[in-house]
Amino acid sequence: MRPAFAVGLVFAGCCSNVIFLELLARKHPGCGNIVTFAQFLFIAVEGFLFEADLGRKRPAIPIRYYAVMVTMFFTVSVVNNYALNLNIAMPLHMIFRSGSLIANMILGIIILKKRYSIFKYTSIALVSVGIFICTFMSAKQVTSQSSSSENDGFQAFLRWLLGIGALTFALLMSARMGIFQETLYKQFGKHSKEALFYNHALPLPGFIFLASDIYDHAVLFNKSELYQVPFIGVTVPIMWFYLLMNVITQYVCIRGVFILTTECASLTVTLVVTLRKFVSLIFSILYFQNPFTLWHWLGTLFVFVGTLMYTEVWNNLGSTKSQLQKEDKKD
């Protein structure tokens, strides 16, 4: 029952979170900092009340290790959100972040000296080709949709190129954080909920450096059109409503993933998250009418087929079927 409940949380929370994020980004493309701050503050307050027991509970993992992890986590979150302000469309943003397998494999080979099967190298090649196709086609769209002036088109392309660089950096940093977290869990044991709290609480002072941008967007949010919240009847600026829903759905999404990791094998978690990304992508394209060509679809297919190949889902399904057949024979 709990795994099914967790899957429901992941799909409901993560998919709806993407909707409200795009609603925010379409109106104010540079609002990533205020969105990140609100998410971090909400999860930190919840963790302080229920996980840290108002600060009375000592962490199982020393704070100095969390400080390193938090630096990585904070950087990844800010850079990923800021990329939306650099001519990066939401579908490309989602596809590019699906390339985490590539980053994990590269850093795993370099740092952990891991070696993989030909099957997994093939899956990574598929993901790489898929991301390249989508990136290349989006570059063409950015140039063609910009002003007819060559100078304006060149500036738009440079901003897009900077956005691609930001996404690449965040992808590698996220993979490095995953390896670091894996090492900590091996040494101190798994404490996912504790890590979730400290990853969101410790970076909060860092938002002081972004206070000016956060304040400017808070003023812009106050000037947005009024919206009457259903069932409650309270009237608030619609951007604040979008932000509130984004924060709540982000929390539901993260909690769902946490429950899933404690109830299911890593293969199931990876598969569920991958399928969630695909559903979010399809919804974003159809509902928001984002430009998506046949080449984009081909690239998307490569990314997700490669991801499923990497998880070796078919082999695991085959072994499960064989196990069930053996049990039937015993009966």
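Every residue gets a Cβ built from N, Cα and C, even glycine.
What you see is a predicted model, and the numbers here were worked out from it, not measured in a lab.
Taken verbatim from TrEMBL:
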type	residues	note
TRANSMEM	32-51	transmembrane segment
TRANSMEM	63-83	transmembrane segment
TRANSMEM	95-112	transmembrane segment
TRANSMEM	119-138	transmembrane segment
TRANSMEM	158-175	transmembrane segment
TRANSMEM	196-215	transmembrane segment
TRANSMEM	227-245	transmembrane segment
TRANSMEM	257-288	transmembrane segment
TRANSMEM	294-313	transmembrane segment
> Do the transmembrane segment (119-138) and the transmembrane segment (294-313) share at least 3 Cβ pairs under 8 Å, sequence separation 6 or more?
Replying inline: yes
> Hey, would you say the transmembrane segment (32-51) packs against the transmembrane segment (158-175), going by three or more CB pairs under 8 A that are 6+ residues apart?
Replying inline: no
> For the transmembrane segment (63-83) against the transmembrane segment (294-313), do we get 3 or more Cβ-Cβ pairs below 8 Å once near-sequence pairs (under 6 apart) are dropped?
Replying inline: no
>> For the transmembrane segment (95-112), give me same-chain residues lying six or more residues beyond its boundaries with a C-beta closer than 8 angstroms to one of its C-beta atoms, as numbers and ranges.
In response: 80, 88, 120, 123-124, 127-128, 130-131, 134-135, 164, 167, 170-172, 174-176, 178-179, 274, 277, 281, 299-300, 303-304, 306-307, 310
